[in-house]
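**Student:** Here it is, the structure in full.
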């Protein structure tokens, strides 16, 4: 018979289980495709099937069809068929042993082909594991072609060199001194270098999609940390854009076009406020223009990037050339001094410092009350002389000896040169006088926070990983080389600035002493305008890069769907541009613009970047210490100690630069973390935190295994046994409610059930039962685990569950199970027999047992008891369970307002007064507040009621035994008939008449003689005694505790002989009769409460 053959190949990446961690496409032959595991999806109306004479409907299970290039091939399903020599067929025949696995798993050739055609996904893809479907028409993408130099090194240089180098580094050197400035630069560069080493290890541990730092952190530390740190990194990048724009506006208004200021102040006190308002207006306009440029197209930003990078390089080269030239020919930038105080050089000529005695000048008018030579003048002005010093003494001047040490100033201080002599008897300088004043107080910690943004930008290479030819090689080399280059530039710049520029000029933030020139520009060659123009364009370019990268980072976080309220920012234009994310980025950057001060914005983004770097180091250290099997970085020059050192430096820098900003940043990250944990979408990325949890759990379990727990550490670890009905619904859900009240959410809770049947056939039912238990646990807010066991008999399954639940020291020590309802009326005695068997198993396993009776009457979590008592009837000592359980229950809101009463029973020979005192003392030492009462039980004759109750119990027991005996006799005859006659001649010998006759002769109660025999039964003496105890105790308990909210009672042990099981159930019924809510408690044989601390 002809057969039809289908070659099965996957159509999507999701169809390949076990390959969810990779994102490449599968390449396979064109033509019709059928997914793995879809043999039944063959179209029976196929022409090939019709041509085979109806064979299509009778095609064997192992048949398949291959269609390629329009030509059909028909081949047999049998291995020894030699009619077809197609390569795929030959391959399949050679692997016929694995043909069942090939329904769900790919062949190696398909897998390798898929990996070979890997392409990087764009940043912000929903999941990096997802790939585009096969067969869809895609545009021929440009293959990654960028190398280490162009793809990583230069972008990192452009992002690291920024506004701080040109506007604030000279000021940092002037205030901190060369030594402390070197220390600041060295610490910051060490921080980024160690972070880059950790980042290189993470980036080379597998294929890096173009997701950058967010991808690395989230996939290494999990969605909670990833989302929190990703948003912090986003905020840092956004505020960095605001800082670059403020830097560009400062250069524009201070050094390029001072006359462009809109707001001007007539008094010196208002100049600062006016300048801030100008920064806000121009900064907002600049931000709007840049956002429009980014919205129009990123390609224009990328085209301008090379121009901006050239500006940075030219500016830095001009500084070095200018420093070398100053050794031979220092540039002429004279600084006018009055005594040792620096004079603002905006309004004076070079010659005015020496002509004050001859004629009145601008300076004379500033210090004296009138232009006359004999007018009264400022005391400091009259007692000190003017002098002129060189602002740029040059490399060979030896000025570095004066700039080695720090010179921190307070707000409003005059910039002074300590080596010049002056009269200090004069009063403090007035802001109306033309001195150079400091605008903010300086300190080491402040300078760290302001300088650190100048070393950020090390993630630029990893952000471009999608464009790199070999990302795993280029990212480590390019990033580390860029950091080393920039570190050398910064360290050498500190030394050059200290060796070439006068100290008062270095401490002059805005260059007022050198006629408003940019301080670093005074050192540049051939003109200060090289630095001014170069720094302006470089800061504009850095701002554009931030406004380009930040929205894409936010879009990546939004598309990962870990923070629900950010989903809207995952959408954008048709080409994927993040429009909504750009709008939010612009609004947040506007907040930074409104702050308007570069020195105030810099510490904010310092916090966010440091937090990001901290978690990069943490991720690397965790993965290294946990030794995850998947942790195999190609970059081998890392160690967990380096990562921890980097993490420590990041944390120290956060609190050194600004402790309150550090706390705010941590609070923001913590809030985002908790939000994702409670409300975000669940993700499983194989992160390091999960590995850390596993290692911590393993360590804790091994520690718990070292010895038995001390009494002080004993707490109920519950195994809650639930029963499911035919529809897989829990019969007594209040049992789980009670367990949650007992645990108050703490400790181990295992919820278990038994499914009757065979595991191979009932596996699906077991999964459904497990899901039912999980939903109920979520509803009742019970933290724990669920376990479902499939067994032929429920009692065997429960026994197995009690023996095997838990792990190591985290095993259940208390079993909670329900009371078998209506056990007397039940035709099947298995329910209460299973109950008694479970009692025996827990006793044998030395486990405590809790049996709530009338569980449906127990309060739910939404029904707190406003008053009442929890009564404890302490009959025998069980290790203290009866004392501990009410205390635990009262920790829950449902039972919190209930009082506690403890009753104990005294016999005739006991001293009840002394017992009450001793019990009160015992409870005092246990730190348990409860009312104490001793109930005296006098010896009394066995009542007729007790005798009658025992007689009824034994009569009922004998009747049931006779009925079970008659059934066993019938079963025996049926089985003997099966053996004697064989399967072909089986007949039912038990007819209706024979059954009636047997009952008349054997039942013992169908005849007057049998009835008299039943009445003449004398109850067993031991049963009468037990019934007497149950009746008397019940009378006392009902009398004292009829109004109690809950009664806790010692549970008697089951009989050793199983023949008395039914009597045991009757005793328990009598004992608890007339009580609304009862908790039968049986201790595990160990002490669970102690008077010692």
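Cβ coordinates are placed from backbone N, Cα and C, and glycine is handled just like the others.
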**Student:** Ranges 637-654, 655-672, 673-690, 691-708: which does TrEMBL label transmembrane segment?
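**Tutor:** In TrEMBL, the transmembrane segment feature sits at 637-654.
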**Student:** Using DSSP, tally how many residues of the domain 'SLC12A transporter C-terminal' (733-849) sit in helix, strand and coil.
**Tutor:** 58 helix, 23 strand, 36 coil
**Student:** For the transmembrane segment (637-654) and the transmembrane segment (179-204), decide whether they are in contact, meaning at least 3 CB pairs lie under 8 A, counting pairs 6 or more apart in sequence.
**Tutor:** yes
**Student:** Counting Cβ pairs under 8 Å that sit 6 or more residues apart, are there three or more between the transmembrane segment (440-460) and the transmembrane segment (147-167)?
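**Tutor:** Yes, since the transmembrane segment (440-460) and the transmembrane segment (147-167) share at least 3 Cβ pairs closer than 8 Å, they count as touching.
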**Student:** Give residue numbers and ranges for long-range contacts of the transmembrane segment (580-598): same chain, 6 or more residues beyond its ends, CB-CB under 8 A.
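**Tutor:** Residues 163, 167-168, 235, 238-239, 241-243, 245-247, 250, 276-277, 279-280, 283-284, 287-288, 291, 294-295, 547, 550-552, 554-555, 558, 568-572, 604 contact the transmembrane segment (580-598) from elsewhere in the chain.
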**Student:** Within this structure, do the transmembrane segment (481-506) and the transmembrane segment (225-246) have 3 or more Cβ pairs under 8 angstroms, counting pairs 6 or more apart in sequence?
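**Tutor:** No, the transmembrane segment (225-246) does not contact the transmembrane segment (481-506).
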**Student:** Could you pull out which residues elsewhere in the chain have a CB under 8 Å from any CB of the transmembrane segment (147-167), counting only those six or more residues past its ends?
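**Tutor:** Residues 243-244, 247-248, 250-251, 305, 308-309, 312-313, 315-316, 450-451, 453-458, 460-461, 464, 467-469, 473-475, 477-479, 481-483, 485-486, 489-490, 493, 518, 520, 531, 535, 538-539, 541-542, 545, 598, 602 contact the transmembrane segment (147-167) from elsewhere in the chain.
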**Student:** Using a Cβ-Cβ cut-off of under 8 Å, list the residues of the same chain that are 6+ residues beyond the ends of the transmembrane segment (307-328) and lie near it.
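**Tutor:** Same-chain contacts beyond the flanks: 154, 157-158, 161, 165-166, 392, 394-396, 489, 492-493, 496, 499-500, 520, 523-526, 530-531, 533-535, 537-538, 540-542, 544.
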**Student:** Six or more residues beyond either end and a Cβ under 8 Å away: which residues meet both conditions relative to the transmembrane segment (281-300)?
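**Tutor:** For the transmembrane segment (281-300), the nonlocal Cβ contacts are 241-242, 245-246, 248-249, 252-253, 260, 262-263, 540, 543-544, 547-548, 551, 577, 579, 582, 585-586, 589-590, 593, 596.
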